[in-house]
Each structure stands twice: as structure tokens, then as C-alpha cells.
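Q: I'd like to ask some things about the structure below.
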Amino acid sequence: MVGENTDRSALLEKLGVDIDPELLELALTHRSYAYENGGIPNNERLEFLGDSILGQAVTVKLFRENPGLDEGELAKRRASLVSSVALAEVARGIGLGEYLLLGRGENQSGGREKASILADTVEAVIGAVYLDAGGDEATALVLRLIGPLLADPDRFGAAMDPKTSLQEAAAHHGAGQPVYTVINTGPDHSKTFHATVDVGGLVTASGEGTSKKQAEMAAALSAWTALTNHRARTPRG
């Protein structure tokens, strides 16, 4: 399996911090892998810790750097930056998926690209850094990870509201309204939603999440990225 046999030194270089090897392995261990290997510990406790650190670091940064924004706008921006959609983009930017330790079924069903798994693992890594190196290092990691989003206003806007951003991009290309199709799989208590969006035949993209809204947002961001990256191929009027 890919995650088991991958040298993690390149990941540490991208993260810009050293992490105890055992803690890093735990941060990368999805519950499906833990279950298939005798119930070893998984990364969910680290995810819980990292979620709190992430929220605090983002809150403080937004508060300090945006003195003119009211509470509602600050909350909206924070929600976008800590969303599964945004964190999954962060994870893809550092190639985190190839390092995940997944069970066979999860791996075969595309778990390395699932937004929810990628986002949860980012939080687990943040938690691992906090335990190994302390709060300052963990906060610094958070700021490095979200830096690319904050430095790119267009991408930040897309992460905040991917469906609106995609609609605007589609209009720019004369493609009409994006059309979404959503299905769900799994038991009632643990459904996974899979969304596909078609943008006037120019782009078709997919996304998944634990809710219909989350899946549509993931698909919209993927489609927005594709349209943005391939503007040169689009006929201009």
C-alpha cells in the first residue's frame, strides 16, 4: 500500500517542521487502517486536538490583520479557512494523500482524494506538531499551510464560497449555470455524499463530503480550479 512504503522525509520538508516518527505515523493513520491492523490507535484524537489549534490560530490571525471587519465577516472567513474543502486543498498542495495509511477498502474507493479524510489528516498533523514541538510551532505550521490561500485572493474567495465562484467563472466563459448531481452511499448513520458538477460541457468535476452541501462545495472548487487553470483553452468572444 502506498502510504506504508512512502519515505516521509519529503512530507516533513514541505511541512517545514520535524515530527517524532511515531507521532507522524499516528497522525497519518485512518481508522480504516487501524481496524484492519488489530485495532491499533488511529488519528482521531490528534484530529480533535489539531482542530482546536487550527481554529485558534486562524481566529487570531484574522482578528489582528482585519481591524475593519465585524464579527460576522470574521466568522465567515474563519469558517471558510477551516472548512473541509479548504483543508483538503491545503492537503493536496503538499501531496498529503500519498502518505495516508488507509484500509484496503478505503484505499480502493479513492480515500486518498476524499476531502473529509484529507482535511481530518491535516488537523491530526497539526495536533502531532503541538504535542511534539509545542504551541508556537503548531501555530506557525497552521499559518504556513493556509498562507497560499490567503496570498491568492481569487482562490481564497473560491474557498470561502466555491459555488458562487464557480457560477461567476461559468458566466465569464459563457457556460451557463453549473448543474449538480448528488448521490449518497453508506448506512444512514454514516453516509458519504458524492457530487458531480457539469459546467456547460467545458468542465466536469466531482467532490465528496459528509453532507450534500459539503460534497457540492468540494465539486465546485474542483471545477473552479479546472476552469481557472485552463482559461487559455477557452474560446474568447
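Every residue, even glycine, has its Cβ placed from backbone N, Cα and C.
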Q: Out of GLU47, GLU65, GLU71, GLU73, which is the one Swiss-Prot records at the Mg(2+) site of ASP120, GLU123?
A: GLU47
Q: Do me a favour and check the Cα-Cα span between GLU123 (Mg(2+) binding site) and ASP51 (active site); whole Å is fine.
A: 5
Q: Going by DSSP assignments with H, G and I as helix and E and B as strand, what are the residue counts for the domain 'RNase III' (8-134)?
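A: Result for the domain 'RNase III' (8-134), in helix, strand, coil order: 94 helix, 2 strand, 31 coil.
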Q: In Å, rounded, how far does the Cα of ASP120 (Mg(2+) binding site) sit from the Cα of ASP51 (active site)?
A: 8
